[in-house]
Amino acid sequence: MKQGIHPAYKKVIVRCACGNEFESGSVKDELRVEICSECHPFFTGKQKFVSAAGRVDKFNKKYGLK
């Protein structure tokens with residue numbers, strides 16, 4: 001790697017919209033995110049399942065299929 005052409009990599013505080021803060025590394029001074037592992041449905045176990053069968057039935061009814 002060439003010397004002097006790469007940005008300085010430093011430790012930064014990442015702030016989530018839910019209020020959670022954690023430390024990471026970046027070339028930016030501060031990072032703000034909308035969703036993190038503390039509030040994401042995959043990690044919290046509060047997943048919302050969309051019923052695909054209901055959407056298919058609605059489509060079939062709309063176009064007179066089946």
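Using N, Cα and C of the backbone, Cβ positions are placed for all residues, glycine too.
Features reported for this protein in Swiss-Prot:
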- Cys16, Cys18, Cys36, Cys39: Zn(2+) binding site (BINDING)
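Using a 10 Å Cβ-Cβ cutoff, Cys16 (Zn(2+) binding site) registers 18 neighbours. Listed in sequence order, the residues Ala17, Gly19, Asn20, Val33, Glu34, Ile35, Ser37, Glu38, His40 complete the 8 Å Cβ shell around the Zn(2+) site centroid, once Cys16, Cys18, Cys36, Cys39 themselves are left out. All chains included, 17 other C-beta atoms sit within 10 angstroms of the C-beta of Cys36 (Zn(2+) binding site). DSSP assigns Cys36 (Zn(2+) binding site) to coil, not to a helix or a strand. Taking every protein chain shown into account, Cys18, Cys39 are the binding-site residues, and of these the Cβ with the most other Cβ atoms within 10 Å belongs to Cys39. The DSSP secondary structure for Cys18 (Zn(2+) binding site) is coil.
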